[in-house]
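The next block holds one structure in the form of structure tokens; read it before the comments.
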């Protein structure tokens, strides 16, 4: 039988790999291999990524029969510890431990998993009439999904509250401390002294680091001390975050949304949603947000919620043992993550539907809605922001927008699309450079350098020094009587309390603020390019919103001053001629924020809903929609992919995007493996011995094998998975008397009559007798649609009933890349 080399993995029906993490890549001992166990599933497979965020794969070959059997026997002893009896035709396939599970870095078979769940459900319904106990078990099975998403929502809300409180306190720690109660942040410190309002200067209880060292609040000495403490705290937080990620949970870095999308599409990454990843992601996220890096906590909250969903699903075997069903819980968890990140439960559900989830039936929609609701309710009860609002940037606008403002709103959409495209292209270029250069071997050093540069250039500018969430809130805000920020330095007359705030000329403070904001826009854009992708937990939502809000506020001030200077021109003559304040610059900041975030992520519906939930500005849905659509159109015109899809492609994850169209005219025969006139690895239904099957398993590395009538007459009988074959044969050798290497393996039909020595091994239970098949003349457009919509792992290619070859998901992905003139070898996994 032909043995396919590792490089030509196109010709495999999905290769079994073992992932090995070399310590040398992360600054440890070179040439020394080690594994890190960070999984939570019933079978823990040690895997870790390399330092550049993708995976390094090694083919160790198959072990000898004896070592393979000892490996499987060891697996049995660690997975359940129970004695297993397998006679071939009795009992259910679940009696063999591991049947129905998947290896690491493999694609799940949605059809098989959903069919298994339907069979299990039918069995439970049938047994319901037998006894009260079975009735209770049936009821438990029916409501276990709701209980699971309830627990996910509660835990996500609690964890989000802890992150918000911790990040708020540690962010303020860079500027000073509350001597009476060091665990208070600046706002709480002032509240404790009954000071209702506070500024940087007028809170007597809060002490800056300069004051603690005996300096005054102002002056050169105070500035230098504050500057140094800001840098030292930032470096300390970032170093701690990067070190925790490198030592304990390499999967905890980054945003996590590209990987969550891949996992929800049916890919297995053991440990990515494990308990260690969860713990380190939470702690590392608090530290990295507090360090002042240009990142947000919203994307990682989706990863954290999905970790909770994965861990809690194991309390319910219906979800824990079925990968397709588990993804329903993960979709609901992703919705809860966005819900608590922004205080936007409806937006969270739509985000899960539009951006993250691959399979989203109506039942999952209801459960996601319930999960997001519970998470938002728990977070509101914790009240981490210390006010009555659960949303992040609550604004109170009562001014209606004017029809002509749609022109600058669409203009902001175009600007947002351009900023987003620059960011995506620059970030992907830098991440690719990091991946293939020596820089990727020093992740902690890179984090420290980025943090140091960010802190040094951020502190002098008040708009980059402050917390990014505070900056966005400031830009969204409307100028009132009590605002002392330079952005509100207008020459207004506030003596008449009965009169609305009139239009006024901008003072020198506004012009100074505009220059500082323009500088902040450039600095934040550059720093976010280098920050997104470093080895700390980091999200992209808040930096994107900040970039858009800065651009929007500048445009808003420009339009406002235009209306003040030329109130009689036809554009403004209707609404702005009365002298009232007709233009709201804060609204432009809100629209600009939506434009840049929409351009970066390519979200539309969920983005608009998140924005009006985020700000409470329901009457501004049309401006937000106009900007989001303009931004998406510009982004799609300048570059096909959003940031998450671009990172999926960069890392080579096997993700078939349902939004892409397959425009080529190839046929199934052009893509199937092996090609015509090449040998196809098959198993016959009743004429191969155990030794023959084990030799085939040793010499080939496919994930599964077609079962045919005979080698001469290759009419298709069914399909059997490599993993199931290994488990069943090893289990039979241990538990069934008389099984030897000469025993005939029978997959279909009845056992041969008469005295048989040695006994036959019946494996009909593990044979899929209804595999998905296509003919060799089926257009690849149809095949790709089948893989997307049915969630196939592989399909068999036949001609007049005779088997010709196999098409796996990996083959489809490679073919799509080849047709698009991209490198087909960038698809790393099965």
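Placed from the backbone N, Cα and C atoms, the Cβ positions cover glycine too.
Matching 179-206, 375-402, 403-430 against TrEMBL, the residues noted as transmembrane segment span 403-430. Between the stretches 242-259, 260-277, 278-295, 476-493, TrEMBL puts its transmembrane segment entry on 278-295. Given the ranges 143-163, 563-583, 584-604, 605-625, the record in TrEMBL names 143-163 as transmembrane segment. Ranked by the number of CB pairs under 8 Å to the transmembrane segment (540-559), the listed stretches 278-295, 301-317, 329-353, 403-430, 442-459 are led by 403-430. Outside the transmembrane segment (278-295) by six or more residues, the chain places 159, 162-163, 166-167, 170-171, 173-174, 230, 233-235, 237-238, 240-242, 244-245, 248-249, 252-253, 256, 303-304, 307-308, 311, 450-451, 454-455, 458, 468, 524, 527-528, 531-532, 536-540, 542-543 with a CB less than 8 A from a CB of the stretch.
Distant neighbours of the transmembrane segment (403-430): 525, 528-530, 532-533, 544, 547-548, 551-552, 555, 559, 571-572, 583, 588, 591-592, 594-600, 622-623, 626-635, 637-639, 641-643, 646-647, 650; these residues of the same chain sit at least 6 beyond its ends, with a Cβ under 8 Å from one of its Cβ atoms. Relative to the transmembrane segment (220-240), the listed stretch 442-459 leads the set 143-163, 301-317, 329-353, 442-459 in CB pairs under 8 A. For the domain 'CBS' (672-735), the number of residues in each DSSP class (helix H, G, I; strand E, B; coil) is 24 helix, 17 strand, 23 coil. Taken through DSSP, the domain 'CBS' (762-824) splits into 26 helix, 19 strand, 18 coil. Across the candidate stretches 143-163, 301-317, 442-459, the maximum count of CB pairs under 8 A to the transmembrane segment (329-353) is reached by 301-317.
Residues of the same chain lying 6 or more positions beyond the ends of the transmembrane segment (143-163) and with a Cβ under 8 Å from any Cβ of it are 282, 285-286, 297, 301, 304-305, 308-309, 312-313, 315-316, 318-319, 328-329, 332-333, 336-337, 339-341, 363, 367-368, 370-379, 381-382, 384. Outside the transmembrane segment (442-459), and at least 6 residues removed from its termini, the chain residues within Cβ reach (under 8 Å) are 26-27, 51, 227, 230-231, 234-235, 238-239, 241-243, 245-246, 253, 291-294, 434, 465, 523, 527, 530-531, 534-536.
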